[in-house]
Amino acid sequence: MVTTPVTPTEHVVLRRHLYTQVALDDTYKDQSESSTACDVIKRTCQVSPKCVGRQALNYFPVAKTLRGYKWRQWVFADITSGLSVAFIHMPQGLGFGLLASLKPVHGLYTTFFPILVYLLFGTSPHVSMGTSAVIALLTAGLVERETEHFVSALGVNETLSEEELLEYKVGIAAASCFVGGLILLGMGILRLGFITNFLTKSFIGGFSFAAAVHVCTNQIVKMLHLKLPMRTGLGKLVLTYIDIFSNIRDVNVADLIVGLICMAVLLAVKLGINERYKHKLKIPIPIEPIVVILSTLVSHFAKLNEKFGIVIVGDVPVGIPAPSLPRMESLPRVATDAFVTAIFIFASTISLAKLTAKLHDVIIDDNQELVAYGLCQLVGSFFQNFPSCIAYPRTMMLSSLGSKSTLNGVTSAVFILLVMLVVGQLFVSLPIAMLAAMIIVAMKDLLLQIRNLKLFWHVNKPDFFIWILTAFVSVFSDLVIGLLAGVVFSMASVMVVSLLAKGTLLGKANNEDVIVDLDRKGVCAPPGVKIFRYVKKCAIEWRLGELKTEICYIYIYICYSPSRKLQAM
């Protein structure tokens, strides 16, 4: 009995010849020239002025940008977006410099030099290199650990001043920056940009969530003005909270009040105005620099430091630091941490760069991006920088304001330069509690990633478990261990999903020209042909507030009897 479809369907009629593979190859001949190994080497390794110039332009993208720059259409967007992002750069630089266990001014250095380098060598108009909370926290862990070892190695009668300790910390941070730069630059030269295909977005999300938890804990200690022992290794986060509650009587109430007031103001403007009326506001209100300026003025004129013991930033050096070599003898000790930091810089920055590139239909070069990230670290290491990275708020602001090229970094760099040369001394009275509050509020979006777990569960369960495992290990052990575990989970997931992807043989329905699974009723295999379908859930992507997944279907047609003409399917 022949069944007919319940609802009418459209029909497609195909008119074509029937071929064997041999006949098809003979009719449609391959016109590409066969090449020997020597031919390939000669063609790819030829040296000529034109070839050298073209390759130089590939490594120096700003030259290509300037040649094709549309001044009338693009210059206003680049100037306004760069200046708007500079207002975020300045307070984040001050805060994240402190988070890295260095001075706030080192955050400004780590903002200025990577901006300059990236605008010359980067390919994304929306990437904003500079300070990052996660990278600053990783740097702080390395700096504190090495400083503790250095101090313990000194003799009983030897002591170091605060300036000498700071100099040692800066040397360790710069050494980490130098090694990370070498790693990223080497990956770019070796064209290893494809590695991003093995790092899932759930791994980045889980690790950044855990890092945000560590960052908030670190800043809560500063906001409470507590002096706690440095905890390292497994369970350090739990031990830190035990220390906080054990020393709760030593909290400086004035610092706590300043921090809570600043947090309330920041959240009120960000949630109540910027997010609620983002469609009506051309540019979000730059509340961070406003709060920095107001809290500095109040602290200075009310003499909060003298009267209530509130901790302030203190002396801020003016000018650009003289170039100096990183602490080369420390390179072997920082190599492992620098490698972990470099991998996170690459994975987090390139993933966000690709997201904004899709939104604006912009083409970016993964390998050149690696070169740019590496040079940002290498150049910065000679100017007292700690490792630099992308930051989500800055990049999304460049995206929302329609930045057209990497030249938006010119206005950002000029603004930060003015702060370092002229304005720096005005922040002497800036309360540390205010910077801690600003950093905690900046972690809001990273902490709220936990809301995506329900969607991950429904869309892609392997990604759900990668997120959970990476976050759990990172929170309850250590960020370095968590990052390595996340990379292993992520790569293992990609390989396992590929191995377990569903593959089926297809056949033709008996009553019509429909190709379906061969094990279904009323389906038989066409003579002389095997059709194999490979099904894989390729990618899961967080875009515009919605999780999307793409399905890959790969069909393989095998003619196992070339001498026989294929029958119509």
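Here the Cβ of each residue, glycine as well, is placed from N, Cα and C on the backbone.
Range annotated as transmembrane segment by TrEMBL, chosen from 94-118, 369-393: 369-393. When each of 126-143, 170-190, 338-357 is scored by its Cβ pairs under 8 Å to the transmembrane segment (413-443), the top-ranked stretch turns out to be 126-143. Segment contact holds for the transmembrane segment (170-190) and the transmembrane segment (338-357), given three or more CB pairs below 8 angstroms at sequence separation of 6 or more. Comparison of 74-92, 253-273, 338-357, 369-393 by number of C-beta pairs under 8 angstroms to the transmembrane segment (479-501) places 338-357 first.
Residues 59, 88, 92, 97, 100, 102, 106, 109-111, 113-114, 117-118, 121-124, 127-136, 138-139, 170, 173-178, 180-189, 192-193, 320-321, 323-326, 338, 341-342, 344-346, 348-350, 352-353, 442, 445-446 of the same chain lie 6+ residues outside the transmembrane segment (369-393) yet bring a C-beta within less than 8 angstroms of a C-beta in it.
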